Structures are given as C-alpha cells and as structure tokens.
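Note sheet for the following structure.
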Amino acid sequence: MESSDISRVTSVRITASNILRNSSVEVFSRSSREEDDEEALKWAALEKLPTFLRIQRGILTEEKGQAREIDIKSLGLRERKNLIQRLVKIDGHDNEKFLLKLKERIDRVGLDSPTVEVRFEHLTVDAEAYVGSRALPTIFNISANILEGFLNYLHILPSRKKPFSILHDVSGIIKPRRMALLLGPPSSGKTTLLLALAGRLGSDLKVSGRVTYNGHGMDEFVPQRTSAYTSQYDLHAGEMTVRETLDFSARCQGGGGLSDMLAELSRREKAANIKPDPDIDIYMKAAALEGQKTSVVTEYMLKKILGLEICADTLVGDVMKRGISGGQKKRLTTGEILVGPARALFMDEISTGLDSSTAFQIVNSLRQSIHMLNGTALISLLQPAPETYNLFDDIILLSDGKIVYQGPCENVLEFFGYMGFKCPERKGVADFLQEVTSRKDQEQYWARKDEPYSYVTVKEFAEAFQSFHIGQKLGDELAVPFDKTKGHPAALTTKKYGISKRELLRACTSREFLIMKRNSFVYIFKMIQLIIVAFISMTLFLRTEMSRNTVEDGGIFMGALFFAVLRIMFNGLTELPMTIFQLPVFYKQRGLLFFPSWAYSLSKWILKMPIAFAEVGAWVIMTYYVIGFDPNIERFFKQYLLLLCIHQMASGLLRLMAALGRNIIVASTFGSFPLLLVVVLGGFVLSKDDVKPWWEWGYWVSPLMYGQNAISVNEFLGNSWRHVPANSTESLGVLVLKARGAFTEPHWYWHLGSLNQFYPRRP
C-alpha cells in the first residue's frame, strides 16, 4: 500500500473516532441536561404545593443518580442509610461540613436559631444524712429510719440527720455557642450542679439561689424539655436493640418545634426563589417528623457520631441477657439524649469506659454541633485526655462545693500561676487541675521556690478568683440581668411532653409489644403451666366423684373454687421480677419526660389483657364442667368474669409491691407479708366469724375476700344447690355459705368491682 493510501485511511479513522467521541459526549451531556431539567420540573411542582404539604415531600437522589419525588414519611431504612452516607462520607471532617450546610441554609434566609443562656446565681444546695454506723443499709437502720421519719413528720422527735453542704454559693454563666467542661475531684458536687441546672434536683434537698434560662425562672417553662441531662448510669431495656432504643427516644422527644421552623424556612426560600440542597432538605424534613417509629437522626447518630453501627441491631442486654459492651452502653446513653431536640445539654461523665479515640470523636462531634447550631453544653468528664481537653472553650473547676475557676480554658493556667502554682510540661492540664486543690498533691506544683509553701484551701482559691480579671469580668456580666426581649420565642419549651397524648400511648404500646415479644417464652411457659395445673385440678375434683348432698360436699366444691382463685392469682407472680427489672428504666425515662406514668401503665394493661383473657379462658373452659359446677351458662361466664378481675387485681398488686420495694430482695421479703394477710384473711382459711376483732380491718381490706365471696355466691346460689335438705328451711347452697362464714346475698357477686381498686394507676 502506498504512503498516500495509508495517510488517507488514517485520516478517515481519526475523523470517525472524533465523530464518535463528540457524539458520545453530546449524548451524555444531553442526558445530564435532561436529568437536570427533570429535577428542575420536580422542584417547580414541589414549590407549588402548600407549605404544610411541601415540608412533607422532597426530591431524593437514588443510588444511580436519578431523582424522584418521595413522601418523607415513607423513607425506608436503606434510603436513610444512603442519605447519611452522602451527607457525611468521612466521620469528623465531613460532619463539620454537613453541619455547616445546615447552618448556611438557615442563615441564607435570615432565620434566627434559638439559643439558651443558663445562669446560676448564689446557688446553694444542702442535704441531711445519717452518718457513721447509722448510714449503713441494714434492716434495723431501714426500719428505724422509717419510724423516725414518721415521728419527725409529726414533730414528736427531732431529726438525727446531720446537715451536709453539697454546693456553697456558686454563681456562673453557661453561654451558647461555647462548650464548657466541668472538672473536679470526686464528691466535689459536679453531679448536683448538673442536676440543679437541668431542673432535676430531688425534693429532699434544700436549695437556695436562682437558676435562669434566658432570664426566665424555672417555673416559667419546662426545664426538663428545654435541657437534657445525661446520667452517668447506663439504664436501658435489655430486650431492645441499640437502634430500637434510639428510635424510641427520638419518637418520644419529638421534633421540638423543628417543624414550625422548617415551615418558615420553606416559606422564605420560596419567596427568595432559593433552591436548597436536596439531601439537606430531606434530612431536615425527616428530622422534623413526629410520631415516626424510625428516625433519620438515629441513623446519623449510629453511623457518624456514636460509632455504633456495628451493633445497631444487637440487643442491649442486661444481667440476664448477653448484649453490647459497657463502652457501647455508655455511648448509647449519650445518644439517647442527642437524638432529641434539647438546646442545652448537661452531661455527666459521658467518657467513662470509653477509649480516648472514641471519647475524642464524640466530644468533637458535640463541639461541632454546639458551634454550628448555637447549642449550649456543660460536660463533666473524668480525667479527659489532652486532645479531648483542648476541644473545650470554657472550663468550670469545682472542688468541695465551691467554684475555683470559671472562664476560658486558655486563662486557667494563668490563674493558678497567679496563685503560685505551675503545671509541669509533661503533665496534662486536666490532671493538674484536679490535683492542685488536693491537700495531698498540691505541694508538688508549688512554683515560688523563694517562698515557703503553705496549703492553699479551696475557699482561698475561690476568693482569689473573684479578684482575678476573669472572675471580675464574670461578676460584671452577672450584675447585668439578661434582656428577656432578646431571647428567641422558641428557645424555651412550655409543653411538658414532645408529642401528643395519642402518640405517647402509641409509642409506649409499640415498645411494650416489642418487649413482650422478646419475652414470649415467659408467657408461653405460664400458659403451659396453667394448662397442666388445670388438668390436674379437673381430674382431682372429677364430677363423677363429687356429690351435692351435704354441707361437707359443698365444702369440697368450696375448696375447688378457692384453689381456682389462688391459681389465677399467683399465675401472675412473674410480674414482680419483670416489673422490678423495668423500673430503673421507667424512672429514668419518666424523669426525662419521655412519657407520663399513665401512658406506661395503660400500654401494659392493653397488651396484657389478651393474655389474661387466654389464661382465664383456658382454666375455666377446662375445669368448669369437668369439676361439675352449676351448669347454667350464665354462671359459667360470671365465673370467667370474676376470675378475670382477680387476675387483673393480682397483677396490679404485684406491680405495686415491685414499685414499693424497687429491689427483688426487698420486694420478695417484705411483699410476702401482705400476700400472707391477703390469703389468710381472704375468707376461706379463716371464716369471718373466726377472725379476731383487731384483725377485722384486714378482712375487709383483703381483695381475696371479695373474690372468694363473689365466686362462692355465684356457685352456691345456683339451681344445683337449691334443694332443701331434711330438717332445714334453707337451701343447701345457703347452708354451705353460712357454714363457711360467707355472705348469702346475690348482690355480693357484683362486689367484684372492688377488685379493680387494687390495680395501681401509676407505678
């Protein structure tokens, strides 16, 4: 082939290649333009919707890059995970970018975010406690304390408790957009200060001074909803997974007014013709939804903040069930609060049990959130690592109930240098601060070698801080009251609970159903046990061997009835330990205002009623006609109704004992006495005529008495017992009732309504 032909062929190939390349680029660019145009059309259609509907819909980008309009409520687990992964690809670095995008969207339309400034002035907390051997938890001391407390209440005997000061005249400011560290040696009052600022101090403490949020007193809003307190104790339902625990917490706490802010944000963006980032838009709309079983905030916390994705679907566990580790439980405790809308965080030793890397990640994420979203935080840490300490803006050093220093972290060493103490170069600042007020460790940090060392007390430190320039500046700020007019109207929460009563009941019912499903073995075993005992009873009291001729025959039937009442009553004995195991979590979540007591109790009652129907039904169906009770169908159903009421009474009584004891040993030990009285004074073991006069009150109080009389009247006033024996003017049934000291009037059956009074409305 000649050179001219070769060059011609080469030219043709190059031209063809260029044409193909250009056409492919044009095809892809056209496809991209079409996708952009399609997305723009969807946004335009979305903008035409009313605001209420607009904040419930969004444009979701799928894995292949295609955009589609979705209902935010229908966002699935996989879609939530992909959304969080797109928003925060790299933990830490990308999390700050994500929060910055949230902040920029709000700032772009000139919307002010709520902020909370917490002030405490001359706060003093005192307690009274027994000291020495009297403080030991012995049976004698507990009994003596109860008796002495009652006599003190009647002003008959003076209290022997000794006064104890926890916090003494402390004042300070927790500012928004600044993260404060609370440091101090053990027993310095850190937990009490956090509880006081969160509005969760116990009623047995004597409190003076004032705590305000944006200048408002604690009685002007609901502090437990405006702020959140993270306990140092990890209390969780062991039957739930990590994800389910966080979802329940987010569901109960609600959106905290985020939906109202989002509606205003959407209106302003529409007026300014601003198109938000689709992923940011969907995240904010999903976070604002209330009453959802699952939350997008949960996925964000699990994957990017807490590092719990690896155990998200693992049971939390407890002393009886294997679950997550102690460090993971600590992170879960923190996450349970962070998924809520609280604007002020008071966190107590959240790093205990965590490695330094995990603690740094969590505190760094909190720092980013506080700075970007205008939050307020006071966090107590036990011996934080230097890199974690450096994340904080301010520090409060507490010792012996007094504030030694409060102010910027960069000035704390200057203050102690002013007092004559110096932190060694290789010593962590946090460790130095916790030891410098200790009588045992203070001398090693004395820096004025030309002056003799003498111990500087905590009181002297506190007084010196008032003359230090940081202390003077703090005093000047406290002297000027907070201008209430500058506070955001949505900053303080006035609603006691985050969601409606209906949603509270739905949330508690959903969780209770989940726990019951995980404990299904217990209920199945109870049913099998009841069926076996019913089979034994029906063969023991077989109707072919039972006659109705004498009062003694009636006594045998009476025994069968009493055994039925006892069996149904004690079949609910498992309620005692199960309730005790659940009580710590209940008290914690009720204190955090997740739900009221009625929602918790009512949900239990609703879900356990079908079990009660089944258990009582199995017993009555198996035993009634086989034993040979009165064949009238009406009396069959009346016995069923009565045993159902006894079942509910027993469950309520056992829950009450658990709530009063709060400990399996105490409840079992002291609870056996009232159960003994209930059975002995129930009208069968001792008839009414045999009860001593000073015990008659116990007879009338015993719920078993009403149940035993009702079931006896229902049986022995039936047709099977209406024949009159020789040498008698009364029916055999009436004679049997009188022989056992029972009442003979028919209306005594309807006294079963008294059994309902023993069901506790609140734990």
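A Cβ is built for glycine as well, from the same backbone N, Cα and C atoms used for every other residue.
When pLDDT is averaged over the domain 'ABC transporter' (151-425), the result is 89. Summarising the annotation, TrEMBL assigns domain 'ABC transporter' to 151-425.
What TrEMBL records for 521-542 (among others) is transmembrane segment. Sequence-distant contacts of the transmembrane segment (521-542) (same chain, six or more residues past either end, CB-CB distance under 8 Å): 556-557, 560, 563-564, 567, 571, 574, 578, 611, 614-615, 618-619, 622-623, 626-628.
Residues annotated as transmembrane segment in TrEMBL: 605-627 (among others).
Under 8 Å from some Cβ of the transmembrane segment (639-658) lie the Cβ atoms of residues 564-565, 568-573, 575-577, 579-580, 583, 608, 612-613, 615-617, 619-620, 624, 629, 667, 671, 674, 678, 703, 707, 710-711, 714-715, 749, 752, 755-756, 758-760, 763, all in the same chain and six or more residues away from its ends. Positions annotated as transmembrane segment by TrEMBL: 639-658 (among others).
Long-range contacts of the transmembrane segment (664-686) within the same chain, counting only residues at least 6 positions beyond its ends with a Cβ under 8 Å from a Cβ of the stretch, are 558, 562, 566, 576-577, 580, 653-654, 657-658, 695, 698-699, 701-705, 707-709, 740-742. Here TrEMBL flags 664-686 (among others) as transmembrane segment.
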